Amino acid sequence: MTSTLRALLGACAVSALSVAAQAETITVATVNNGDMIRMQGLMDDFKAKHPDIDVEWVTLEENVLRQRVTQDIATKGGQFDVMTIGTYEVPIWGERGWLVSLDDMPAAWDADDLLPAIRGGLTMDGHLYAAPFYGESSMVMYRKDLMEKAGLEMPEAPTWDFIAKAAAAMTDKDAEVYGICLRGKAGWGENMAFLTAMANSFGARWFDMDWKPQFDTEAWKTTLDTYLDLMNNYGPPGASGNGFNENLALFQTGKCGMWIDATVAASFVTNPKDSKVADQVGFALAPDAGKGKRGNWLWAWNLGIPAGTKHEAAAKTFVEWATSKEYTELVASKEGWANVPPGTRTSLYENPEYQKAAPFAKMTLDSINAADPQNPTVDPVPYVGVQFVAIPEFQGIGTAVGQQFSAALAGQVSAEQALQSAQSLTEREMKKAGYYK
Amino acid sequence: MARAVSTRRKVFTTALAWGLGLAIFFPIFWTVLTSFKTEAEAIADPPLWVNFHWTLENYVTVQERSDYFRHFWNSVVISVGSTLVGLIIAVPAAWAMAFVPGKRTKDVLMWMLSTKMLPPVGVLVPLYLIFRNLGLLDTRTGLVIVLTLINLPIIIWMLYTYFKEIPVDILEAARMDGAGLRNEILYVLTPMAVPGIASTLLLNIILAWNEAFWTLNLTAAKAAPLTAFIASYSSPEGLFYAKLSAASTMAIAPILIMGWFSQKQLVRGLTFGAVK
């Protein structure tokens, strides 16, 4: 009897120990991009440092991920312990108390090393709500050979007038070379990301300080006219369906003279494995119109922790590892400095090895620094965000306005009609949402 | 003369059928072809047909990055499970409506069909909350329940149509010979309806296998089927078409193979009673 009791007690102790030794599992929701996939391949390092934490990944396409994590955090579904979210979501979710504050990250993580523009976009009322994993702005990528053939030299900080002149000179439609490629596909993160940033440089804004839509202003008219003029005269055919990937394919196959888009594209177009024009690509800041703001945006993919997660401490440990300087060094040691996630830390841009490996580093940093999400426009605005307005209604409104502008590019409506429709639909939605009567 | 017109029509119909068949099959063919190209070749203009460097690199990358077999097994459990549970409910329901119809049978059938008319997104949040409260999020059980309910109207409608084609006299004769309800369904009705039941089963497995809205919204890491596996290779910022094609080919291959081997049953069932 005694031996049976002993055996039972022993079994209980062993099972209790095995439960205690069992690793805590966190679920990380993320997007499918090169940097995130690379991190998944480096999990051995995390596991070696934190054997008590297992990480399960849910990788989804950007739009599916956005819908999925929004639904989960809004309903407190508890499916994810770490979420990859953009600079659009962070201020909105932070304000609502949906995210765990990261103010208490250890000193070694060095929050002061984060690029000020990026940190500013992730901070609400003085609290940091997400850790940036990778940041980007937009800039001009151009073909040096075509520019030289046209007898022009790209300035480091071009104007829209120069871009139009260069686009005209580089276009050779018979040879299927188009002077400029820009986003035309409708969507708040597609053509409206580009057009909102472009509008900032022309002195336009989405709303005035009373939240009244501003599409009936001269500044928006100039913006849309310039965009349509560029694309209709010097852009590729069917541009109203072109997003990042379509333009990347056009540029890589030598069909674009200039392309203004995300700085992350620099590593793709300069990669000789995928790009026919890899050795002929130059970079410049996004254009301006002499009004003090450039037409570049600011975006970062960040790691946020949903409030109410049962694994907050483990989630923080993971976020700290993934967004640390040590992680950058780990990527550099395994895959080279050109492959480290860019756009988040000052120290990276001060690193001579990175400067040497990434010829686009300076332009990326200058572009990021040129964007100010807290003061994105020439005239004051009541919102945060450079190429978006950080309010929950913006996804719907931005896409609806994007459809109007895409229709104008396709020639289905005039620029004037598109602006009128944009004005009326935005007014209607903002009134309905209670921003004004 | 009549024979000449008939031959011409036959040739025309055959050519049209082939043309339509090839047009429908082309996206699958192109996906498979792209999966053997490099990323640069995948976006080449003009498109490359066969004169490219055939490579298995994309399959290797996909295999290294993702746990294909976990997703595959989830797809099998969810699609087969939901179809079997659906059949267990649908066979008696369709039998009752086909052979002992009531005054409101047609209304009931229409009501069941009307549930398919509601856009799924309309009930996403309530269902998500119910699943959260019941602990069914990211579980195969939860998905079996949802897909059973979603496909039940189709299963019942298909079986009802097949059962209606079976002469009632045969069942009555069985009853005259002393067969009870159980024997009537098991030994008389079922053997006659096997082609119909088989095609319903196969079609529902295909529908459940390809269902992407609920499987993407109600799963995370544990119960995610092959639809989530494909979604993880789509990217709006980066040209990963070749890898996406490899993932898609791996996801559709099992169901294509199943469809290929069971096409005789499928066609037989789908045309059951079409020509009297």
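Just so it is clear, glycine is given a Cβ too, placed from its N, Cα and C backbone atoms.
The feature transmembrane segment is assigned by TrEMBL to B:12-33 (among others). Outside the transmembrane segment (B:12-33), and at least 6 residues removed from its termini, the chain residues within Cβ reach (under 8 Å) are 49, 245, 248-249, 252, 256.
The feature transmembrane segment is assigned by TrEMBL to B:72-96 (among others).
According to TrEMBL, the domain 'ABC transmembrane type-1' annotation covers B:72-262.
Marked as transmembrane segment by TrEMBL: B:108-131 (among others). For the transmembrane segment (B:108-131), same-chain residues at least 6 beyond its ends with a Cβ under 8 Å from one of its own Cβ atoms are 97, 137, 142, 146, 150, 152-154, 156-157, 160, 213-214, 217-218.
Per TrEMBL, the feature transmembrane segment maps to B:143-163 (among others).
The transmembrane segment annotation in TrEMBL covers B:184-209 (among others). Within the chain, the transmembrane segment (B:184-209) has long-range Cβ neighbours (under 8 A, six or more residues past its boundaries) at 75, 78-80, 82-83, 86-87, 90-92, 95, 147, 151, 154-155, 158-159, 161-163, 166, 170-171, 174-175, 225-226, 254-255, 258-259, 262, 265-266, 268-270, 272.
Taken from TrEMBL, the feature transmembrane segment applies to B:240-261 (among others).
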